[in-house]
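Quick notes on the structure that follows.
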Amino acid sequence: MLIFLWCGAVCVSLLGAANIPPHPLNLINFMEMIRYTIPCEKTWGEYADYGCYCGAGGSGRPIDALDRCCYVHDNCYGDAEKKHKCNPKTQSYSYKLTKRTIICYGAAGTCGRIVCDCDRTAALCFGNSEYIEGHKNIDTARFCQ
């Protein structure tokens, strides 16, 4: 009886999970890189709505060094799309987290390597930039013109 209940719970759990759309693989890789480089008390999600460029879209001038990391990352993705015909949000790539740095694998000039380098540069930039609480959830209409 116990085995039947356990199997039923697993099947229901798997069926429920089947309706959840997967995150694009690259975004999962990028989140892992960010978690590796930022201070322990922060979560990657705290960077998702920061300044004028960290999060969806972006406009105006970056408001600080951390926001500039996101601005550069956005432009890097834009270049990958326009110049190299890559799709950064779904591009898979190989990398290694080691000794407080990130190593991207793959041949130079390939979409995987280009996108990995964009994410690597941004994640390391996040780790070296001050996080200012007052720059989270700012009024972008007011401060990002």
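Easy rule for this one: first residue shown is 1, then count along the chain.
Including glycine, each Cβ sits where the backbone N, Cα and C put it.
Features as listed in Swiss-Prot:
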ACT_SITE  His73  active site
ACT_SITE  Asp119  active site
BINDING   Tyr53, Gly55, Gly57  Ca(2+) binding site
DISULFID  Cys52-Cys144  disulfide bond
DISULFID  Cys54-Cys70  disulfide bond
DISULFID  Cys76-Cys118  disulfide bond
DISULFID  Cys86-Cys111  disulfide bond
DISULFID  Cys104-Cys116  disulfide bond
SIGNAL    1-17  signal peptide
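Secondary structure from DSSP puts Cys54 (disulfide bond) in a beta strand. Tyr53 (Ca(2+) binding site) and Cys70 (disulfide bond) have their C-alpha atoms 5 Å apart, to the nearest angstrom.
Counting every protein chain shown, the Cβ of Cys111 (disulfide bond) has 18 other Cβ atoms within 10 Å.
Gly57 (Ca(2+) binding site) is 19 Å away from Cys86 (disulfide bond) when you measure Cα to Cα. Distances between the Cα of Cys111 (disulfide bond) and those of the recorded positions Gly55, Gly57, His73 are shortest for His73. In sequence order, Tyr47, Ala48, Leu66, Asp67, Cys69, Cys70 are the residues near Cys54 (disulfide bond), counting only same-chain partners six or more apart with C-beta under 8 A. In sequence order, the recorded positions near Cys76 (disulfide bond) (Cα within 10 Å of its Cα) are Asp119, drawn from Cys52, Gly57, Cys104, Asp119. The secondary structure of Cys86 (disulfide bond), as reduced to three states from DSSP, is coil rather than helix or strand.
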